[in-house]
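Record features (TrEMBL):
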type	residues	note
ACT_SITE	His180	active site, proton acceptor
BINDING	Gly12, Gly13, Gly14, Gln15, Ile16, Gly17, Asp36, Asn100	NAD(+) binding site
BINDING	Arg87, Arg93, Asn125, Arg156	substrate binding site
DOMAIN	7-147	domain 'Lactate/malate dehydrogenase N-terminal'
DOMAIN	152-310	domain 'Lactate/malate dehydrogenase C-terminal'
Amino acid sequence: MSLQTRKIALVGGGQIGTALALMITQKDHAEVVIVDLPEAVDPIKGKALDIMALRPHAGVDVEITATSDYSKIADAEVVIVTAGIPRKAGMSRNDLLEINLGVIESVAKEVATHAPNAFVVLSTNPVDTMCQAFQRHSGFPKNRVIGLSGALDSGRFRLFIAMETGFSAKDVSCMVMGGHGPSMIPLTRTATVGGIPIQTLLSDEKIEEIVERTRHAGTEIVQLMGQGSAYISPASAIMEMVEAYLYNKKRLIASSVRCDGEYGINDCFIGVPCVIGAGGVEKIVEMELTASEQSQLKTNYQSLLENIKQI
Ligand code: APR
């Protein structure tokens, strides 16, 4: 029997799923149920046992179950969906569209049946379109469906600014908006270190290099790893979003959320700044954009509309 009173369900127990199970365990947040395909369950049980063996060292009591039976996710407060395939070297996130749309359709129906009140965070790529498909097939309200984009992309943007300036990443504040793909929009105009604009710390050329590295950081990792895609930073970024919900933190984190009029975008999930608290996606924050930022966002929106046609 679990000593935990809350439950987090992970749909997909691959690289990101097991990294999440580890992070949830280390913080003693909740009981974890991992749902995956029947043939994947035994290896995941092995990883779960390995993680649970942390209990005596970390002084935590987390129970992790691996199953292919969706009824076990009943009462989960949070469902994190990473099910699907990741990209390989040479693939874009959009190359995963067709296969992962099929996965998300089946997952959405199961989650709607077994955990209809959960807050759902998706990382399956291309994430903006997967959120759209999940919401459509589950019928969930838009405040309870959110995709990992800005938390991860802004995190990488912060890291690269920290690496170039030599200051702590903790003191870097910045945001990445738009679709979670190579045309994402790292906002250099508002980026600061400890409140100091980065333009006073770095040359224009260096800032442009950082922007490009941020846009392609996922690809850089895929190419270096040779197998699979990034999983530690996605899992950490998801944890920030989940903790914001569980502990009503009112975090302002750019994420893939459904816009209905905000930023001139309609009926489309795209990365925009939003407030995450106990109410899920509590608010989309509309900030003034420059003409260039607006036009980049419009281009992102138009390409997402093309993807949506395939749902
Ligand atoms: N139902 C449940 N689980 C599934 C299904 C399904 N229909 N289809 C695939 N899975 C499982 C796989 O068996 C695997 O365990 O999803 C898991 C995916 O894990 P990985 O292949 O290791 O992928 P990961 O690196 O975790 O990335 C997951 O997140 O960031 C995105 O692009 C990434 O789309 C990818 C997703």
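Cβ coordinates are placed from backbone N, Cα and C, and glycine is handled just like the others.
What TrEMBL says about a protein is an automatic prediction, not a curated fact.
Model, not experiment: these values are computed from the prediction.
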Under 8 Å by Cβ from Arg156 (substrate binding site), same chain, sequence gap 6 or more: Arg213, Thr214, Ala217, Ser233
Which of Gly13, Gly14, Gly17, the listed binding-site residues, has fewest other Cβ atoms within 10 Å: Gly14
Around the Cβ of Ile16 (NAD(+) binding site), the count of other Cβ atoms that are within 10 Å: 27
Same-chain residues at least 6 apart in sequence whose Cβ lies under 8 Å from His180 (active site, proton acceptor): Arg93, Asn125, Pro126, Val127, Asp128, Gly147, Leu148, Ser149, Leu152, Asp153, Ser256, Gly271
Length of the line joining the Cα atoms of Gly17 (NAD(+) binding site) and Arg87 (substrate binding site), in Å: 16
Least buried by Cβ count (within 10 Å) of the binding-site residues Gln15, Asn100, Asn125: Gln15
Residue among binding-site residues Arg87, Arg93 with least C-beta crowding, 10 angstrom cut-off: Arg87
